[in-house]
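Let me begin by handing over the structure; questions about it come next.
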Amino acid sequence: MDSTPSTEVLHDSYPYFRVYKDGRIEKFAEFPYSPPSEDPQTGVKSKDILIPPENNVSVRLYLPRTTTPDEKLPIIIYIHGGGFVIESAFSPLYHPYLNSLAAEAKAIAVSIEYRLAPEHPIPACYDDSWIAFEWVLAHASSAQGPEAWINNHADFARIFLAGDSAGANIAHDVMVRASEKIGPGDEVKIAGMILVHPFFGDGKPDKIFSRIAPDSSISCDDPRLHPMAHPDLLSRLVCKRVLVLTAEKDFIRERSLLYYCALKKSRWDGELEMMETEEEGHCFHLPNPTSERARVLMKRIVTFINQDPS
């Protein structure tokens, strides 16, 4: 049998990564570590937290300028993209973006560093993100959690789950899990979910997802990949507001539209919003955060977060 690796490409995201027919995933880009800091432009402070040490799950916390020692702020739990295989919460792409998001929304941001595939197959990224989410919620009951920034400033009635691309997919899974845990009378409330150019399936074999799953038991309609095939699951989402963001030239734009339509047709009784950016591609705002369209996108997200829930 010929053991020579296949050169036939199934998915090409060069210069970042490439997926081959034989299942190999070749990574080209390395992502330097951007240390936490006090950002001189925004005044946002950040620091890294390892939680819990035995699982090597970590987050980067962001705290904007506050007016009082106990000023309560919304919480944005953010999950980075990268096709499940690249990028980092600590990279030069995401660190400045979270600084800006925390400053403009005037919110605590919790950016999750999860394990990447294929070295850590599905469901590692989902489980790591859920661990981080539960760690945040553990501060709610008595404000005696391990992190003072969250104890002093978090408004647990204004939690937002957010992410871009694969991170939006993972954020949606966290929302699904949270919807089984958080009741309508609970002190903790997820005020909204923000899905930026989400990486969902379309009911057909996915070239990336099928290569990072541990075996063939994960079907094309797995609820993590293709939640649109599960209207009952969508109907039970505990948040009352969802913002779906698309881009005209995004290569997975149609999947965002399918998700929007599926949620709208389900029995979910929340407020659903959508915005599409013209003439732009997938996650265009991250490498070009100061462009006019990126600023418009940021403003839309900030408005969604700061909207009066009443």
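Backbone N, Cα and C atoms are what each Cβ position is placed from, and that goes for glycine too.
So TrEMBL has the following annotated:
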| type | residues | note |
| --- | --- | --- |
| DOMAIN | 76-285 | domain 'Alpha/beta hydrolase fold-3' |
| ACT_SITE | S165 | active site |
In the predicted model, what is the mean pLDDT computed over the domain 'Alpha/beta hydrolase fold-3' (76-285)?
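A mean pLDDT of 94 is what the model gives the domain 'Alpha/beta hydrolase fold-3' (76-285).
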Validating a neighbour-count step here. Other CB atoms within 10 A of the CB of the residue listed as 'active site': how many?
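Total other Cβ atoms inside 10 Å, all chains included: 24.
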